[in-house]
Structures are given as structure tokens and as C-alpha cells.
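As recorded in TrEMBL, the features of this protein are as follows:
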{"type": "TRANSMEM", "residues": "26-51", "note": "transmembrane segment"}
{"type": "TRANSMEM", "residues": "83-102", "note": "transmembrane segment"}
{"type": "TRANSMEM", "residues": "123-147", "note": "transmembrane segment"}
{"type": "TRANSMEM", "residues": "197-214", "note": "transmembrane segment"}
{"type": "TRANSMEM", "residues": "220-240", "note": "transmembrane segment"}
{"type": "TRANSMEM", "residues": "252-274", "note": "transmembrane segment"}
{"type": "TRANSMEM", "residues": "294-316", "note": "transmembrane segment"}
{"type": "REGION", "residues": "331-373", "note": "region 'Disordered'"}
{"type": "COMPBIAS", "residues": "334-346", "note": "compositional bias 'Basic residues'"}
{"type": "COMPBIAS", "residues": "351-362", "note": "compositional bias 'Polar residues'"}
Amino acid sequence: MAIRRKSTKSPPILSHEFVLQNHADIVSCVAMVFLLGLMFEISAKASIIFVTLQYNVTLPVTEEQATETASFYYYGIKDLATIFFYMLVAIIVHAIIQEYVLDKINRRMHFSKTKHSKFNESGQLSAFYLFSCIWGIFILVSENYISDPTILWRSYPPNLMTFQVKFFYISQLAYWFHTFPELYFQKTKKEDIPRQLVYIGLYLFHIAGAYLLNLNRLGLVLLVPHYFVEFLFHISRLFYFTDEKYQKGFSLWAVLFVLGRLLTLILSVLTVGFGLARAENQKLDFSTGNFNVLGVRIAVLASICITQAFMMWKFINFQLRRWREHSTFQTPTVKKKPTVTKGRSRKGTENGVNGTLTSNGADSPRNRKEKSS
């Protein structure tokens, strides 16, 4: 009678897709709690702080037409609650893109673990950069930032924002805050975490700085071309993963990256160094949101210049590394000629060395002639 052995297989490990779906379900439930809170009078006041934008005032559009009014916004401590709610929304959208778009492509392409993580990173960032770039361009056109560049420093401080400008900054801060828990959800490698923490911190530092210092106009103008350049890089990397011969996108990105850094420096110096420096009101006033003083202007320009120098240093190292890899790939390997060594076997000596017959061989024409005579 055969004895049936018990299976020694270990229990199945939770797959990466299941972990993503699990945390997305939990976050969705938390977000639904805030939305359902709007339906009840007891919890509506607390839920409104998380769901809707706070600190709004109603002002007439023009002095002549006092009947027509518009809503404007300023910032405050309650914005942290709104950022937290839309951070949950960003996590849900992140999981939807990952599950229904990126994971399906990964199954078809059969990427390695390294390419798998980089493909997911570029896929998520390219979608965010494209959406933010289109949204930013719409705001620039509707707010007349492009037709009148002097609006960047004229009538500072613009402590009142329109709905779309404030919602844009709230969404930007919420997205970059959501990347911190995503480092855990995506099972990011330990060696990649410091690199990602650096650029996440740089984004939060500059976006929050523009938001709090009432430089939202300058920040919006600088973010749009930067996001477009970053979108081009990540979309080029997606095409590179599918076809490693694709290099055109990287060449165009390299040119636009340098131009983007120059544009950032020119607009920053023009706005902060010349425009705000010539303004009449140069007194620090927290109540009106006026930070147009010499120390703040120097700090703003220094942070922008240091960041641009850091990005150019990383860019130059990246290009040098690609140039070395390309040069080593195209360098032909020189084959060494085999050297004749002494002490070969008798068979090898008789049959010749390196394909040539020797005079000592048995089949030499001279030996055959002497034998015949």
C-alpha cells in the first residue's frame, strides 16, 4: 500500500498586483468615508475641509460692475487636510494606471526586474507630466500669463488666487506627497530610494516655496516647460524599453533639457532679480503675504540656481555614461594571431603548423622526388 506524502510546498506568496490592489482598496474606503460624510449634517462640516478648497473670498470682478462677483482663494493651515484627501485620490489613480495599463504591457513584453521597475516609473510619471503640462498651459492661456509676461512681477503680492490656480498647486503637492507611500507599495529597491527621495524633495521644496511665498505665477510658468521636457524623457524611455535601437527621443530631450535650464534661469533672474527688486513695496508683511525683501529674493534665486546646477551636473554625467557605453559597443574586438609554440606533437609537426606544410613532412614534394629517383 503506497503511503501518500504530505506536500512540502510553501504557501503562495502574495503577488505584486494583489498587494497593489489591496492597498488601493483600503485607500478607496478611506476616501469614501470623507465623501459619505458630506451626506450627513453632523459630519459635513469636517468633510468639507478635506474635499473642497478652503479660504475663499467673494469679490466684484470690476469696480464698475459691482454686481458681478468672482471667488478667489488664499492659503492657510486647512490646506493640509485638502492635500491629504487628494493624496488619497492620487494613490487610487496610480493603482488604476498600474493595474489596467502598465501591468498588461509588462505581461506582454516580459521585462526583467530592473526594466520592470523603470518601465513602471516612466509610465506613471509620463502620464502625470502630460496631464499637468496640458492643465498648466490651459491656466497660462486663460490667466493671460503668456500674452503679458510683466504679470509675473507686477502687482506683487498676488495673495489671492483663482480656483484653478489654487487647485493646481493643491494637486501638485498631493501628487508628490503620495509618492512617499508608493515607495513602499511598489516595493522599491533600497538602492533606488535615495535617488527618488532627492527629486521628490526638490519638487516639494520648490512647489511649496512658490505657493507659500505667493510666487505662484512664476512657479506655474517654470513648471510647464519643465514638465514637458520630463515627459519627453520618460516617453522616450518607454519606447527605448520596447526597442533598444530607439535614440531619437533622447537626442531631442538633451537639446530641450539645456534650453529648459536656460529658460528657467532667465525667467527667474528677470522676475526676482529685476522685476521684484524695482517694486515700490519692499517690506516684509505676513498679513498681506508680501515677502519681497532682499533676503528672500537672494534665497529664492540661490535655490533655483543651485537646483539648475545640480540638474546640469546629473545631465552631464548621464550623457557621458551613455557616450562611454555607445563607444564601447561600437569598438570592434581585435583578434590576436595565434603564436607558434614549440614542443608540438609529432602528428601536428608532420601535418604542418597553422595550415602550412613543413619541409620535414612525409608528404613534402622534395621527399617524393628523391624517393622516385
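Each Cβ is built from the backbone N, Cα and C atoms, and glycine gets one as well.
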Out of 197-214, 220-240, 252-274, 294-316, what stretch is closest in contact terms to the transmembrane segment (123-147), meaning most Cβ pairs under 8 angstroms?
220-240
Report, as numbers and ranges, every residue of the chain located at least six residues beyond the transmembrane segment (26-51) whose Cβ falls under 8 Å of a Cβ in that stretch; write 'none' if there are none.
78, 81-82, 84-85, 88-89, 91-92, 95
Who are the long-range neighbours of the transmembrane segment (197-214) in its own chain, taking Cβ under 8 Å and residues 6 or more past its ends?
75, 156-159, 169, 172-173, 176-177, 179-180, 183, 220, 223, 289-291, 296, 300, 303-304, 307
Folded-back contacts onto the transmembrane segment (252-274), same chain, C-beta under 8 angstroms, at least six residues removed:
152-153, 218, 221-222, 225-226, 228-229, 232-233, 236, 297, 300-301, 304-305, 308, 311-312, 315, 319
